[in-house]
Amino acid sequence: MRLGSGTFAACCVVIQVLGVALFLRGFFPAPIRSSSRTEHQAEPPAPEPSAGDRSNWTKLPPPLFRKVVIMLIDGLRDDFVFGSKGVKFMPYTTYLVEKGASHSFVAEAKLPTVTMPRIKALMTGSLPGFIDVVRNLNSPALVEDNVITQAKAAGKRIIFYGDETWVKLFPKHFVEYDGTTSFFVSDYTEVDDNVTRHLDKVLKRGDWDVLILHYLGLDHIGHVSGPNSPLIGHKLREMDSVLMKIHTSLLSEERETLVPNLLVLCGDHGMSEAGGHGASSMEELNTALILISSAFERKPGDIRRPKHVQQTDLAATLAIGLGLPIPGNSVGSLLFPTVEGRPVREQLRFLHLNAVQLSKLLQENVPSYTKEPGFEQFKMSERLHGNWIRLYLEENNSEVLFNLGAKVRRQYLEALRTLSLSLSRQVAQYDIYSMLVGTVMVLEVLVLLLLSIPQALSNKAELEVPLWSPVFSLLFYLVFLVLSALHVIVCTSAESSCYFCGLSWLTAGGVMALISALLCAVVSALAKVFADGKHLRKNPAHPKARWSELDVLILLGTLGHVLSLGASSFVEEEHQTWYFLVNTLCLALCHELYKNCFLRDDGEPQPCSHVEQGLVSSEPALWDRNIHCNVSEPHRVSKSPTSLDTLRGYEKWMVLASPWVILTCCRLLRSLNQTGVQWAHRPDLGHWLTSSDHKAELSVLAALSLLVIFVLVQRRCSLTSKVAMALGLLGVYCYRAAIGNVLFPWQRDSKDISKGVIEARFVHVFVLGILFTGTKDLLKSQVIAADFTIKTVGLWEIYSGLVLLAALLFRPHNLPVLVLSLLIQTLMTKFIWKPLRHDAAEITIMHYWFCQAFFYFQGNSNNIATVDVSAGFVGLDTYMEVPAAFLTAFATFAGPVLWASHLVSFLSSETRSGSALSHACFCYALTCSFPVSAYIILVTSLRHHLFIWSVFSPKLLYEGMHVLITAAICVFFTAMDQTNTKS
């Protein structure tokens, strides 16, 4: 069966997407779970330990508080409360922290620092899996043991207002609720007003026990404007007034009931300096946690500095405070300051219940639990506790009893700390079988692509896939039977849950058949390579091809990047690798240009009097260098010296200056956005431009950028698309002015700020119009076999529509990234690729390198926190999942998408050869497969590494997205290649 190399590559990448998805499902595992309370069945509490005399404390202690109010402010990092912002904008909260009846903590969240996993951690006390960052978009109901479910089972009446994630996690748990969407980040006023409007009424009522409020406005301001925005201060002041209203109401109620209430102020995660969250910086991990109650006595002059605790400690503390069992999966410890005012016997009872729960969880998840230091400390504490009970029942007051009680308390607290630490290290169990199956699929695809290079990059751009040969069939059935037998053995003997084993037999059998077919194809390709090698040794008809310096650089650069992924520092600062490679590529191109211009074939100097005809000719100029190459080694292209025709005026200087101009552009882009981890905090041009003091400068820069974008893009568009592009870019500026990012010349300030929905939709209309015009031209060129130029114009218009969409979604200070991207593409096209006659493979890999560099030039990194969620809601007045996800993904990966679409447009316009697009598709797929395959092997071997969740796992998610985008790009390549063939 013969396939074009482009079609073959597209199929391979689609299969690789399946393999990566299966690997990700196994790699991001299910956290540790307690099997003793799967259906939230009521268990009798552990009795108080005794030594001889039997204790009568066998039931759960009564609640410490009559009512509990949880006020969760999304994105409330610790310095917003305990730092200068708290002193300035939250005076009442600051008073409670410094002088009031409260206990303050800095609660450390664990990865991933996004909302849904953090709510689970707060209510269950467990450590959610990293895959919850994906589930955050559509939260499933929580079946894990948690405080909310325990409270409902105990007859507590719970009311909730705020982020609808709670309603999805705890359906049918609230007697009253009003959910608001958490993803519409452009709204930071109504989303909080819809919570506060219920307070006056509900605080006067006595028909509830737990009130939960989740405010989203602060987090939304961070996403849109960053933590240094003036809006942050206004929002903190608003939250302070809400806290004062709730606290005042609870205090007035306590005067009548004489029973203390508890007010909890907390955040789910912090906020990075860029305004996002999801990564592991201190600003994202550290959140404020304040427990306020009249039960917390405070003497005058008692200064309490916020203590560092784990966010998971809140679940155990709330359970004790409400008189509920501690959630079975909790790895947190009781916040002891909340009970230190209680009698010693009650203190030890609370600590014992927490220690028993943690020790049970340890026994169920750690086979050698008896050797764990925490378990030994717990047993010692329990024995001492029993001795204390015996003394207590014998004599109530003695110094020995007091000293022993203090010792038992210290022993329990140390045991809790050690047990919690041991359980936190046992974060999860990997699904090794699913990971292995996904890895095999990915590696088979990579090996198959490597072995297919000779045929795929030949002049015909076709290869033979022996799917129906008898030998292939026999080997296929043997491998399929062996794999099926192994699957049955693994799935029937597996002790832990396995995703791949949970699939239907038909689905699992299909995957096994696919793996078997890939293995047989690899064997057939390997046999063909050996056979061709023997034939060439016997009949050396062709001279050996010679590698050019650029080929060596491309190969070494690609391999060097793959090897660099083995170090956590290189993963954190991967942008530096791509910046180095792109700069080195520019210097190599400069060397090649100067060598071809000033040296003859024998190395002697010659007058610079040649240039390629493509500079002045309208004919396609891309040269297929495989015409004279050995078919068995097409990747080693025999390159004859480039014949440069007469240079004309500015063209001569532009050819010579282009690499240096590109280097200058890259250097400017590096200064625009600091990214990575080590130096992300350093000031850059982006921070300077986005400050409120430089709005005029930003406005001028944005206007100039949009003007240059129009000049660079419109040159190959039809008249209709030119008009649409001009109006669309004008609409982009109007949108940014409407939301207050930039100013019109007649504006002195930005008081009239709106959401800009009408202006953004105005631009969306023109984006769709340009894309429709380009698609119409493509269909016209295929159906009626029109002139070749109609197809090239159609592809360019599609590219122009994507540029307009990127201009709309990019923040104003990032518009120069788009401008310089277009400028570099123009320079490379006219003054480098045409004069030097690079082949499709080289041009493809250069595009790939630049697309990776521009991903980081945008300000992206391998941290989830740099994803600009606000881009997903440009033009939306409510949350719609599919459009929001698409716009966010496009804004994040705009660099790779634009460079890939430019590659298709360039190759289609510069050559009529049917093999160019096929070669490009194959090279793009192969270049992408290298790092993905290597990284999967790497993270498998480093799955117990200290930085596996903070560094390697986010990068793995980005690699998964890159594979998915590559698959879409290859499918588009294949479609265009088929259009070329039919034309």
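Note that the numbers count up from 1, one per residue, in the order the chain is shown.
The backbone N, Cα and C atoms fix where each Cβ goes, and this holds for glycine too.
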- Task: Kindly point out the range from 576-593, 756-773 that TrEMBL annotates with transmembrane segment.
- Result: 756-773
- Item | the transmembrane segment (793-810) touching the transmembrane segment (916-937) per 3+ Cβ pairs under 8 Å rule | no
- Item | Overall pLDDT for the domain 'GPI ethanolamine phosphate transferase 2 C-terminal' (651-959), taken as the rounded mean | 87
- Query: Among 7-28, 793-810, 957-976, which stretch has the most Cβ pairs under 8 Å to the transmembrane segment (432-453)?
  - Reply: 7-28
- Task: Sort out the residues at least 6 away from either end of the transmembrane segment (884-904), same chain, that have Cβ-Cβ distances under 8 Å to it, and list them.
- Result: 137, 183, 795, 798-799, 802-803, 805-806, 809-810, 817-818, 821, 825, 843-844, 847-848, 850-855, 857-858, 860, 867-869, 871-874, 876, 917, 920, 924, 961-962, 965, 969, 972-973, 976
- Item | Outside the transmembrane segment (7-28), six or more residues from its ends: residues with CB under 8 Å to it | 129-131, 430-442, 445-446, 448-449, 452, 456, 463, 465, 498-500, 511, 514, 518, 918, 921-922, 924-926, 928-929, 932, 936, 939-940, 943, 953, 956-957, 959-960, 963-964, 966-967, 970-971, 973-974, 977
- Message: With a cut-off of 8 Å between Cβ atoms, can you find at least three pairs linking the transmembrane segment (696-713) to the transmembrane segment (756-773)? Only pairs 6 or more residues apart in sequence count.
- Response: no
- Would you mind listing the long-range same-chain contacts of the transmembrane segment (552-571), meaning Cβ under 8 Å and 6+ residues beyond its ends? 577-578, 581, 584-585, 588, 678, 842, 845-846, 849, 862, 927, 930-931, 934-935, 938, 945, 947, 951-952, 955
- Long-range neighbours of the transmembrane segment (756-773), counting only residues six or more past its ends (CB under 8 A): 717-718, 720-721, 724-725, 727-728, 731-732, 734-736, 738-739, 794, 797-798, 800-802, 804-805, 808, 874-877
- Note on the structure: Contact set of the transmembrane segment (725-744) with the rest of its chain, CB cutoff 8 A exclusive, min separation 6+ beyond the ends, reads 186, 695-696, 698-699, 702-703, 706-707, 709-710, 713-714, 717, 750, 753-756, 758-760, 762-763, 766-767, 770, 800, 804, 807-808, 811-812, 874
